Structure formats: C-alpha cells, structure tokens
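These notes are about the structure you will find just below.
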C-alpha cells in the first residue's frame, strides 16, 4: 500500500535578462543599412534594362502597375489575417476596436456581453443523434455486466433480471460549457452543466419472490467536470478523460411497481439520498471515472487517485439574527430555534452540535477539508432548526473558489435571509516532504484550541491496490473480500469484490493525523457476506517518517489469514496485500473442474413441416393463397434461421444445426415457424422439446404438433453426441458426416475441442516497467472467444474453459494470443493433429509463448473428443472388403461403410489398365493400377444421387514424374456436361485424399437405369500429350434403393 504525505513544490524566480549596453553603431547595423541601400538601387534596374533594350516607357509603367496590384492584394490578405487573429485572440478587444473605428465609441451597448459559459447546441445535436445507440449500450451493460453482479452479490437475488430497458427518446442535454485555461499546460478543464429530464423506463424482476419494480422517468442536474489530461504529441492528442461531479447533483426519480412505496413522503427523500450516495461513491469528488484513450498510459493510477491539492481549515464561529421556527399555540406564542450547521465540501460533510433555544448561536468549532480541485470546489453551509419530526430550514450559504483559501485568505462571511453567520478560513500550508517542520507544527498545534477534534499535523493517503491467495470461506466457496482501514476511531471501508481470492480494489483513502509518530493504521480484510476475517496487518506510521519521500510502496503480509499463511516457509500459500512478489510454487498441470470436456453436442435436423396455415390471402380473404414458411431455432443462447420455402404449406428444409450444451436444468430446444412477408412476418406456430429428454434418450425422431395455431406439425431429428476421447473412429465419423451432410447446411463437426486456460507466468511488462492487464484471445477458424482481464499482473490466473466445434481436426489449429489492451504479449499455435497422436487426445502442460519474453509461458489443457453418431443410418462393416489388405487402406478407416437398411457393401474396386486403342467400354487388363474408395448414395429427402469420393491408394503412373490426380465421374449412357462431375486436383501424390461430395438431381427411377463410370486422371499442362487416364472403374446403379449406398 502507498502512504504519501502531501508535498509543497516551491518555484524559483526567473532570472532577468540584462539590457543592451550603450555604444555606437555596430557592424550588424552597418550591414543592414547597406542592404537597404542596395534594395533601393534594384528598383532602378527594370528602368535601366528597358532603356538598354530600346523598349517603350509603357512597358515600364505596365510592370509597375502589375507590381503595385500584387502588393495591394498581399497587404489586404495580411490585414484580413491580422484581424482574424485579433478576433480569435481577444474577442472583446476586437469588437471594441471595430466599434471605435465605426464611430460608436469604446463603450459597447449593455446587451453585448461575453459570457464565460458558452452554449453547446452542436453537442446536444450529436447527443440526440447518438442517444438510441447509447440506449443499446446501456441495455448490453445492464444485462451482461450489472445483472450477473447483482445475482452474485446475494443468494436471494439469483433470479434477478432486467425485464425492460428503454432509455427513452429525450437525451441528456448540455446547458453550458465553461473552459478553464489555467497555468497547467498539460491539461484542459471543461465544466459541463448537464441536465437530464428523460422518459427512461427500466423494469426489474426477482422471480423467486414475485417482486417487480422499476423506474419510469428521472431527472438529474449537476456540474460535470471533464479533464483532458495528459496532452501528448501524438494522436489522439489527449491521453485520457477524467470525469466527475464537483458537487453532488440533484436527483428525482419516479418509481413503478413495488418501488412505488418509495414515493411516500419521507421515504422519497431517503431513497433519492441513498441513490445519490451510490452515485457519489464513484462519480463525485474525490471519486473519479477515468477513460484511457491510449494504451500503456503510465499516469493512469495517478489520474485515477491523484494526491489532494491541499487542505482548508474552516472555523465555524457563530450566527446572528436567525429566524424563529419553534412556535406554540398555532403560532400565537413565538419561541426560538435550536440551530445546528451542516458544512460540506464535495462528499465531505460535518455537522455541528445543536444550540438549544438560541437565535444567536456560538459554536467555535473547527473542521478540516481535503481540497481536490482548483478551481471548482465550493464550501456549502446549511443551517437547520432541530425538531423531533422534520428539521426546519434556516438558510444556506455558498462560498466559491476554495482554492484561493489555500493562498492565505484569513476570513470570509456570508449573509442569510434574516441573519448572518461568520466563518474564519484558516490557512494551512501543504506539508513539506521532509521532517524538519513536523515538530514545529506539533508545537504550534498544542496552542490551538479546536473543537470537536484537535488540529491535524499531517495528511495520510493510502492507495489500496489488491490482494492475492486469500483463504476460502468455511463453506469452501470463494469469499467477497472487503478491506477496513482504521486509524484511532476513524474507519474507512472499501468496496466488495465478489467471488474471488485475488481481489483488485484500486481505491484511495485519506486520513488526518494529529501525531504521525505515535499512530498506526490497522488493516482488516473480511468476507463481506459473513464478516469473517480473512487476514489483518498493522503498520506503524513511524515507518513512514524514516522512509524515502515519506512513502511506503510494497507488499504487506497478512496475519491470521488461514492455516497455510501462518507458516514461516514462504513456499506455502501465503496472503499478501499489494502486488505480486512471493507466490506459491507454480503447478505443473492445470486444474479444471470435473465437468471440463464433458459437454455434449446436440445435432438438430430440421426436416420438414406439413399442414401449415395459409397466411397469404388476397382480395380480403376471398382468394386463399399459401405461405412462405421459415423456421427459427433456439437452444443454449444460440439462434438459427432456416431458408424461406416459397408458397408451400408442406415445406422441406432438410437443414442441420449443432449446439454445445451443458446439463443446466430448464433448457429447451425451441422452434418457431413464420410466414415471410414484406412488412411483418406472420406467426405459423411453435413447439418445444425439453433438453433433458434429448440428453436422456440420446435420439429423437418425431412429428411434433405446433402450438398456438389450428393446424401444422414439424418433423425433427434430435441427437445427443457425447465426446469420445479416442481417435480410432475419427475416419469413420468423417465418412459418415460426408454421407449425411445436407446441401443447405454447413459441414458437420467431427470433434469437440475443449480448452482450459489456467494461468500464465513471466509475461513481458509494459513500458515503464508496469505490469500488464492481460487477457487471452482464442480462435479456431472464424470462431473466437476472449477471457476475463486479470488486472495489473505479469502472472495472471484466469481459470476459464472454452469449447469449439471442429470439422476437420487434421488440418485445423488452435490460435491463442495473450493481449494487454490490444497489444500482443505473446502468441501460440497448436495444430490439432498433435492431439490425435496423444493418448486420450489431450495435452496438459506449460506452453512456451512466441513473440514474448524468453520465459513467458502459459499453462492450459487442450482436449479433443470425437463425436460419434449412433443414429445416422450409416453403419460400419468391420471386415475389410475382398481383395484388400490392411496396408492398402487409409489409417483409421479399415472398415467399409454401407447403409443399414438392407444395403450391400461391395468391395473396393481395383483399377485396371485400359487396353490400347480402345474406347471407354473396352475391357480392363489384369494389371492393377491402384484402388479407389467411392461411396454412392441416393438421398430421398433431397432427391439426389450422391457420390462421395474418399481417396485413392497405390496409384501408378506411366511417366517418371509423380502425377497430379483427380477423379472424374460420368453417368452413362449420357456423356454430356450435365452428367459429368469431377473433384479438385491433388498435387504430386500417389495416395490422394479427396473426401469430396458430388451430386446429380435425378429421380430414383432414372438412376436405377444408369451406370456410373469413374476415371482417375492426371492433371497435366495444356500443351502436354499425356491425357490418358490412370485408370477407370464402372458400376451399375440398378441395385440402388431409397437411402442405400454402394461402396
């Protein structure tokens, strides 16, 4: 923790430049005179040259006229530029000079003024245009950030939700802007007079208690200061924005729902005050909101919690001729008042004692205020009459410019409606950064009589950063740590950080000290939910007096912080407050929870619907049309939308979607059908399937009736695919996916990738040796996730898990980057093919980061699970086909595939060399040239003939060069372009892998009368004569039936 005593910076007077010494004409002046004489001689040069050339005098006059015109235009531009500079530099002087030149005199009319506060209508127009988008941001902020924090803060609020968020149409308005151009050239001060009287509507609900509440309309008025600091010599010129209210803004809220009770007199003012206290806790001085605009801002901590500008000591002396508020017998008998005063500077408030029955009270009390901003802060004083019910108001006063009191003004007074009071504003110099005047201050304070507290000799500033490795709560859950700091009888409390053992508070506290040498600060770290102690430490302030610059900035070890932290061996888990120095020994393996990698994948097959309602009617319903249906699918926060089927009450979509799910109770697979229209889509029905049913039964193939409509039903297939940590079935899964793949859907996933990011170590520091605030970005293909930010540490701990659907693990890779505010601290690429070669398809160790420090590493577990479908309609024949040996088959795919319903699996056909001088129908020779793996399938849902070309093995080429093979398929007897299909070319290989799907749109009756001929050809250059195919195979399709395949 940092303890800093305020310092006084003295300024030295500038030295004066000596004046010029008297003397005669210098050599520089002589050269200047000769130069002027030479320039005048040049004027005669054009006349001499014209006479020498025999030209007329008219040419000389023409040149002179052109020069004089150029000179006049140049002088006019210079005068215009000078007038613009004068107007922009001092508008008041420029207007007066113009008025004097016009004969209006130096005095301007009374209606001409130059206000310090300017209107900003242009800014209000920008706010009005951007207000709807600000509403979208607020909705996202409340739903994604605020609501989870509220649910985590209390077990009774676990069902808290925002049911409606509408920021309304009336935007925030800037009534005036005042710019302070002070002596500090590194900052710009803006005072914005903000006013908001909006039609905001925010409704919340706690379902557990059937409690609904909300806000409908709010007013907020106040002075918002914006500081542009620091100014830098690079875009965006401004390093950061600091915003805060100098004084507490006024607030009025219109409550709805159960919060209507807060509009009861008494409760209304109390609720508004509580909300204002919450706003003041983070947006009223000394609290600030910092928005960095550039990365690696070194001054961020100083800007967020700057040292105070100084201290003002206020002596509340007396008041005179106050009003009498205590009346009796309905006002017939006039009494007196029981006055007391409230003195306020920003959020600092003091209340005087009550003087009973006195209209001329004398308090003689002294208060000390910390001054944070000059100019801007004001001293507010209010007097009240103490009553049993509600105190009566006696008057108020406002003294602006607290900053000038620091210069030594000895007194001030302010008037009231029917009286006055007197304040003595004492002068307190800023404490010096050394000990020589401390004993003088202590000696002088002994002679000062001050009530209710003795005068202070110093100010202590405590900056609370963070804690690490705090003990868990008794229930084993992570605590909600808060910190209480106490000096004598003054206690300050930090905010609570929920559910963490490594909290970051990032807060500052200030204490007045009477005798620093004999005082100490007591620090207690507690669990906010149970107020149980998590650790404590006591620091004697005498250590500060011997420290360099009266500052301590280090780790402080906590005492009574759990069994492990009591041990003297620092290798044990010990709790500290501050930044990381002594950490426990790092683990060798990650520590995910037991459910890691156990997610399931739900494959949703949207097939068709029938008997839908006709929504497209014409001529007032006299002519009935049809509908243009499409479906919306929702599960686990993901949404899908099918294509639109035009004018069909029995549409067939045949689309497949995949979703990663966890076994969270209450989830449902939701389907909604709509009729696509030009204006608003019409509702065609909905249905739901509980996810628990899909997880338990593993497979559902049903017609489900649509709800909320008269007719209609939906045909669905839902399958649960648990991940299997074995690569033995991967090739079979890839082959099955190619068979069941639909034309309208994305490529099906074959594996599930689970990544657990544990921690990193020795990340590179920012510029200026400051620790970064790192987070992890992970991506596979175009899918990416981002971890939480671990604030200001080179050894972050994330403990987060992520899941990806992988289509082809042989060629895909996991890309990981560790970033700090957009800057890359390190990167890592993990090819998923590495996982296929490991036992259990998992890697769990420290990975070295590239583009990072020499010892920068990240600990994580990367795990694959194969998604094996048991209900695809495609099964495996475990024995190799005739004529094959195991070595000729691709690794992991020794089995043949065929359709389960009465299908037959033919052997892998051998390629035979074509006889010379024969056509394609010639017989093949007995010399084998290789093998082709080909699957043919008729898809009844899509009414298509599908051929999946898997691979070729052991090809031979007649030339010496390795061929570039591809496969060409032709449906005989036609040899037109419409019946030809071919794969892509594989470069320089005798064992090409294709796994490509080729299709023909033909009815089943036509397909059964055709033959399929496959050519394996070598792709050669256009000029080459080698156009002979490597080989071919032909097969009949007469045995092909519905949903059957031939291999």
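Just so it is clear, glycine is given a Cβ too, placed from its N, Cα and C backbone atoms.
Positions annotated as compositional bias 'Polar residues' by TrEMBL: 906-925.
TrEMBL lists 116-294 with the feature domain 'SMP-LTD'.
What TrEMBL records for 293-417 (among others) is domain 'C2'.
What TrEMBL records for 440-560 (among others) is domain 'C2'.
Feature annotation from TrEMBL assigns domain 'C2' to 582-704 (among others). The predicted model assigns the domain 'C2' (582-704) a mean pLDDT of 86.
Residues or ranges marked as domain 'C2' in TrEMBL: 734-859 (among others).
Per DSSP, the secondary structure of the domain 'C2' (928-1047) breaks down as 7 helix, 57 strand, 56 coil. Per TrEMBL, the feature domain 'C2' maps to 928-1047 (among others).
The region 'Disordered' feature in TrEMBL is assigned to 903-927.
Among residues of the same chain six or more beyond the transmembrane segment (49-70), none has a C-beta under 8 A of the stretch's C-beta atoms. Residues annotated as transmembrane segment in TrEMBL: 49-70.
Between the domain 'C2' (582-704) and the stretches 116-294, 440-560, 734-859, the greatest number of Cβ pairs separated by less than 8 Å involves 734-859. Remark: secondary structure over the domain 'C2' (582-704) totals 7 helix, 59 strand, 57 coil, with classes taken from DSSP. For the domain 'C2' (440-560), residue counts in helix, strand and coil come to 17 helix, 53 strand, 51 coil, using DSSP.
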